[in-house]
Amino acid sequence: MWFLILFLALSLGGIDAAPPVQSRIFGGFNCEKNSQPWQVAVYRFTKYQCGGVLLNANWVLTAAHCHNDKYQVWLGKNNFFEDEPSAQHRLVSKAIPHPDFNMSLLNEHTPQPEDDYSNDLMLLRLKKPADITDVVKPIDLPTEEPKLGSTCLASGWGSITPVIYEPADDLQCVNFKLLPNEDCVKAHIEKVTDVMLCAGDMDGGKDTCMGDSGGPLICDGVLHGITSWGPSPCGKPNVPGIYTKLIKFNSWIKDTIAKNA
């Protein structure tokens with residue numbers, strides 16, 4: 001599982017500790033500049049770790065398995081190495097993983113049929129509110145169930161090399177379809193539950209992967225998921241990726257934000 005590879009690499013003190021995997025957004029393209037203004041880059045110290053989504057000026061949503069001990073985020077970034085005056089840097093004052101996410105599964109182990117990565121989401125409260133601009137904008141949570149067969153867009157800075165984890169310079173986008181959960185049940189040994197979405201290209205070649213975790217899955221123009229987990233190597237035929245199904249967590253997200261305002 002590729003998110004476990006990333007987590008273990010970070011916990012060992014460096015990205016270069018990751019074993020060989022093919023890990024990037026496959027079959028994607030450079031996102032049009034500033035076309036994903038809700039996209040967040042989540043760092044551990046000064047190393048890029050995961051994607052995220054800006055929900056409002058004070059809160060970022062990401063994956064629970066992106067939990068670390070020292071967060072900082074960038075908003076409004078397109079390219080990691082270009083000077084982008086419109087981008088905003090923020091520290092994080094509080095991290096709140098979903099209480100039902102099983103953090104013990106992040107320990108190194110052989111995947112088992114009983115492994116359940118449900119509830120893979122976490123809220124980050126910014127130490128200073130984001131300035132809402134043309135290139136930094138929040139996105140709304142979904143208000144209804146996503147439709148099977150919807151065209152979805154995922155984005156992130158997943159690795160561009162198959163051996164050493166190295167984020168893409170430019171924000172990458174990829175399009176694929178929302179699939180029945182049964183397709184993912186057949187493809188994965190780990191549990192696929194009703195709080196997950198199954199999405200990808202059954203022909204292979206289009207996928208999210210290590211480094212894309214926590215980033216948005218937008219189907220028919222609506223934020224419906226965040227990248228959670230998938231196969232390693234990524235982009236395999238008949239093995240779609242798994243995304244946290246946000247409609248199932250609207251109440252928890254809103255209640256948590258209200259209690260920690």
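Cβ coordinates are placed from backbone N, Cα and C, and glycine is handled just like the others.
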- Task: Please work out, from what Swiss-Prot records, which of Cys152, Cys173, Cys234 forms the disulfide with Cys209.
- Result: Cys234
- Task: May I ask which of the active-site residues His65, Asp120, Ser213 is closest to Cys219 (disulfide bond) if we compare their C-alpha atoms?
- Result: Ser213
- One residue among the disulfide-bonded residues Cys50, Cys152, Cys173, Cys184, Cys209 has the fewest other C-beta atoms within 10 A of its C-beta, namely Cys173
- Would you list, in sequence order, the recorded positions among Cys31, Asn102, Cys152, Cys184, Cys198 whose CA lies within 10 Å of the CA of Ser213 (active site, charge relay system)? none
- Note on the structure: When the recorded positions Asn102, Ser213 are compared by other Cβ atoms within 10 Å, fewest goes to Asn102
